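Peer 1: Before we start, here is the structure in question, set down as structure tokens.
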Amino acid sequence: MRISVEVINRQRKIRVASKKVISRIKKIVSFLYETKDKKLSKITVKNPAFLLISVIFVGDQKMKELNSKYRGKNSVTDILSFPYLENEPSGNLFLGEIIINPKKVFSQAKQYNKTFWQELDRILAHGILHLLGYDHEVSDSEARKMRKLEQKILSNLKP
């Protein structure tokens, strides 16, 4: 399976290396698809020929606007995920879009005593799990399952 990641940077506060983001996302998606635990992915499409994810980095104002519009929350957030799970006749799969506010990620990293990239890895894993159908706001058990998967992913990303 080929994985394509589109990265768009629409903010200028925090410098984000697109190549590193692409590499991390590919590792996360590959781990989730190649793991022996087939319950990890809620996607019913098995072995798509080509998988696409879009990642857009935005500033505080745009994130607040999107959070208000799509979640009814008038505040800045770190990440929003918009799953598509559209399977094209060609066998390609567009998982969806992840919108990230790097400034918020940076402040959370400081708060949790992590590096920017450690926190961004957690945010990327979280967003990809949302694209795969997980939702921590549905129930406590779903939230626990999602946190456990995030930890598995992060353990796999360590050098």
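Cβ coordinates are placed from backbone N, Cα and C, and glycine is handled just like the others.
Copied straight from Swiss-Prot:
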type	residues	note
BINDING	HIS126, HIS130, HIS136	Zn(2+) binding site
Peer 1: Would you find the one among the binding-site residues HIS130, HIS136 whose Cβ has the most company, meaning other Cβ atoms within 10 Å?
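Peer 2: Per the Cβ count, the most surrounded site is HIS130.
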Peer 1: Return one of helix, strand or coil for HIS136 (Zn(2+) binding site), based on DSSP.
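Peer 2: DSSP assigns HIS136 (Zn(2+) binding site) to coil.
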Peer 1: At a 10 Å cut-off from the C-beta of HIS126 (Zn(2+) binding site), count the other C-beta atoms across all protein chains.
Peer 2: 20
